[in-house]
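Notes for the one structure printed next.
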Amino acid sequence: MRILVTNDDGIYSNGIRAAVKALSSLGEVYVVAPLFQRSASGRAMTLHRPIRARLVDVPGAKVAYGIDGTPTDSVIFALARFGDFDLAVSGINLGENLSTEITVSGTASAAIEAATHEVPSIAISLEVDWKKTLGEGEGIDFSVASHFLKRITRAVLEKGLPEGVDMLNVNVPSNATPETEIAITRLARKRYCPTIEERVDPRGHPYYWIVGQKREEFEPGTDAYALKIERKVSVTPINIDMTARVNFEEVRKVLFAQP
């Protein structure tokens, strides 16, 4: 079995190294990941300049490249360089990736990119203190997240993903144990409410930060409710076809019916 591992925290993150360690007994592990932190890069591709790549030593990996691109670039590079894979894993991410806003996440978007190439994929994230989400995972225990990653990966490699499922989005609570219950969930609606905060530099010129508040009320059955309220491991099956499952004739009537 050939497994691709990537992330958005960068190839030097302890999270990706924990993932490689967990998966190395299940197959040949290839790593391609950004050289630097690329959180919240979504499914961006680098089209305006060349991409540089360098070999990096990652214990347990057959080969590992760090690239000066995005998580999506990493998946494209890996497929072009090494051919097809049996599975792609993105993570273990520093901080949860929940709700319909997974499209902002470089972690989830790398898994989505792999899925568009018909490679079954898993995005996995570990809930951590927000102050640690942009570091390299210093002092963070990835053992429980690694346990669930290995468990889920083994099942996918043995049985495949269910029909209609292209990827899994997995979120592990910070206080999880190997005995923590797993919930199969749907994506919550928008979780983060961003806005612009204006500040002024010493020369009197304005500059801006994107800031906002997280919602803390969630519907039962969603990934956010499972993680934040029930403290369960959330596994959300994702289909990359974002077509609304509605009656097309009803849409036609609403949009094009004669007055």
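In case you wondered, yes, glycine gets a Cβ from its N, Cα and C as well.
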Additional site residue, N93, N97 [criterion: listed by Swiss-Prot with D8, D9, S39 for divalent metal cation]:
N93
What are the sequence-distant neighbours of D8 (divalent metal cation binding site), meaning same chain, six or more residues apart, C-beta distance under 8 angstroms?
P34, Q37, R38, S39, A40, S41, T70, P71, S90, N93, S105, G106, T107, S109, A110
Among S39, N93, which are binding-site residues, the residue with the most C-beta atoms within 10 angstroms of its C-beta:
N93
Collapsed DSSP category at D9 (divalent metal cation binding site):
coil
